[in-house]
Amino acid sequence: MPIDPFTLVSPPLFAAADLREIEHRWTAAHPGRPLMAGAGAAAADLACMLARDTGEPILVLAGPGNNGGDALVTARLLAAQGFRVVVVSRADPARLPPDAARAWADWRDAGGNALTDVPAGQSFGLVVDGLYGVGLVRAIEGEDARWIGLANAMACPRLALDVPSGLDGDTGQVRGCAVRADHTLTFLGLKPGLLTADGPDHAGTLHLDALGVEPDMLPAVAGSALTRLEARHRLPPRPRNSHKGVFGHAGVVGGAQGMVGAALIAGRAALAYGAGAVTLGVLDARVAVDYGEPRLMFAPPERLVAAPLDVLALGPGLGQAAQARVLLETALASTCPLVLDADALNLLAGDPALSEMAARRTAPTLLTPHPGEAARLLACGTYDVQADRIAAASMLARRFRAHVALKGAGTVVTHPQGRYAINTTGGPHLAQAGSGDRLTGIVVALLAQGMAPGDALEAAVWRHGSEPSIPPAAI
Ligand SMILES: NC(=O)C1=CN([C@@H]2O[C@H](COP(=O)(O)OP(=O)(O)OC[C@H]3O[C@@H](n4cnc5c(N)ncnc54)[C@H](OP(=O)(O)O)[C@@H]3O)[C@@H](O)[C@H]2O)[C@@H](O)CC1
Ligand SMILES: Nc1ncnc2c1ncn2[C@@H]1O[C@H](COP(=O)(O)OP(=O)(O)O)[C@@H](O)[C@H]1O
Ligand SMILES: [K+]
């Protein structure tokens, strides 16, 4: 029975290699009971609910592997329920993998056939996409790409089996082109690529069917989906018998001339999320008060980076002048948790000595790069970062022995020990200057109040995405 995976707490994320391991364990424990039968049955049930009630046939696109096998089982079960089904496949039945070959034989025995092209001028009540799943190994091109283009242009809903064809389940990268599904029914477990990069735009509403696989058959994995907060992500209730000192003193350094707002946004967010006191070290010396949030204190940045604080953040609106570099060097020597954002990351990227210092810190370091900043830190292109966001964020976590939030659609939070989480809150309303500064402030607030660094970064990313959004006005 498919479920909404977002109702689960921190569901694990399985890469293609993990899924093959599950299949291996299942086959060893249950010979002769292919998982494909359950996958096809679940897909047929969902397809019944999604197909438009117009009497138009259901188009089933079936590929050359087991994803195509799932599609053929789905087609047979839908036809058995009285739906008109048009199967389109160019796969050579003689070369199908064993379970898919069985599905093809069953479909043919039930009177089914397959067209070798999508019929022109025909409208459909639903498209079932079973071209490629987690076995996608190269870019989609040729006839497959044409079919995907046709399917994406159809007015009816599209249901993708396992992953939208063309989307890499491990990374969320579109390889060539991909089905833009309205719904994706994914099998066994969630795949990281459904949640980050191009995944959310292509998967539509996610449904998960574990196909009856027992939890003890699932391999231990490094990744999970940040669907809901766990207890470790929450602060204890504020004791009545408390004072501002209990909730930490945070310092935020940044706000060079022309970018003062970045530091103010971070500072305001830190107060809003409960830091006991927040001092800004603004580089633009003309600014000494925030009239919109007069609780913010101001100190010379040189003094603030060397002050005894509970947490220090450096970066929002920092700029890259010589003064900023010196501030960063002093901040790296601090003994409290240190959050580096924006230009602090750019300065780090261009300076091997500072990078070395960052990697050697004994107090926790948290990095919050957007893909461009991550690319500078890794000395590669933004495209390379986006092609595998988990790998990029993991590399940064290892290199800097830091907790890292690689921002953007499906923010990836990685930890020095190798664990990672993909956030599921937020959306394109956050794609506006100043969003990242607010995230920095939220992280700072949670750290100031004593949350463990990795948990604070995850919780901040989740909460930032959960804030009520005011969508940009339609024009
Ligand atoms: N694991 C399980 O237990 C379960 C798995 N299940 C299902 O199986 C799916 C995985 O099946 P799979 O491994 O057969 O891979 P799949 O995605 O069908 O593609 C492989 C074929 O595609 C080809 N090919 C690849 N890329 C291509 C391209 N760009 N352009 C053209 N061809 C390309 C590739 O060709 P080759 O590289 O061999 O030349 C090969 O022939 C999984 O997503 C789920 O739906 C369920 O039944 C539930 C249980
Ligand atoms: N399309 C998107 N979907 C989800 N979150 C997004 C999207 N675009 C931006 N964000 C979020 O908005 C914030 C932007 O941060 P950043 O790029 O550093 O902006 P700035 O430095 O201008 O404040 C990050 O938290 C990022 O994850
Ligand atoms: K698919």
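Including glycine, each Cβ sits where the backbone N, Cα and C put it.
What TrEMBL says about a protein is an automatic prediction, not a curated fact.
Copied over from TrEMBL:
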- 66-70, 133-139, Asp162, Ala262, Gly317, His370, Asp437: (6S)-NADPHX binding site (BINDING)
- Asn67, Asp129, Ser165: K(+) binding site (BINDING)
- Lys407, Gly408, Ala409, Gly410, Thr411, Gly436: AMP binding site (BINDING)
- 19-219: domain 'YjeF N-terminal' (DOMAIN)
- 227-475: domain 'YjeF C-terminal' (DOMAIN)
Asp162 ((6S)-NADPHX binding site): secondary structure state under DSSP, collapsed to three categories: coil
Inter-residue C-alpha distance, Thr411 (AMP binding site) and Val137 ((6S)-NADPHX binding site) (nearest angstrom): 25
Number of Cβ atoms other than its own within 10 Å, given for Asn66 ((6S)-NADPHX binding site): 26
Asn67, Asp129, Ser165 excluded, remaining Cβ within 8 Å of their centroid (K(+)): Leu61, Gly63, Gly68, Ala71, Gly130, Leu131, Tyr132, Gly133, Ala160, Leu161, Asp162, Val163, Pro164, Gly166, Val179
Binding-site residues (Val134, Val137, Ala409), the one with most neighbouring Cβ atoms at 10 Å: Val134
Candidate with sparsest Cβ neighbourhood (10 Å radius) among Ser165, Thr411, the listed binding-site residues: Ser165
Cα within 10 Å of Lys407 (AMP binding site) - qualifying binding-site residues among Asn67, Gly69, Val134, Val137, His370: His370
Local Cβ density at Gly69 ((6S)-NADPHX binding site) - other Cβ atoms counted within 10 Å: 32
Listed binding-site residues among Asn67, Asp129, Val134, Asp162, Ser165, His370 whose Cα sits within 10 Å of Gly408 (AMP binding site): His370
Alpha-carbon spacing, Val134 ((6S)-NADPHX binding site) to Asn67 (K(+) binding site), which is rounded to whole Å: 8
Per DSSP, three-state class assigned to Asn66 ((6S)-NADPHX binding site): helix
Least surrounded among the binding-site residues, given as Gly408, Gly410, Gly436, when other CB atoms within 10 Å are counted: Gly408
For Asp129 (K(+) binding site): DSSP state (helix, strand, coil): strand
Cβ neighbour count within 10 Å of His370 ((6S)-NADPHX binding site): 19
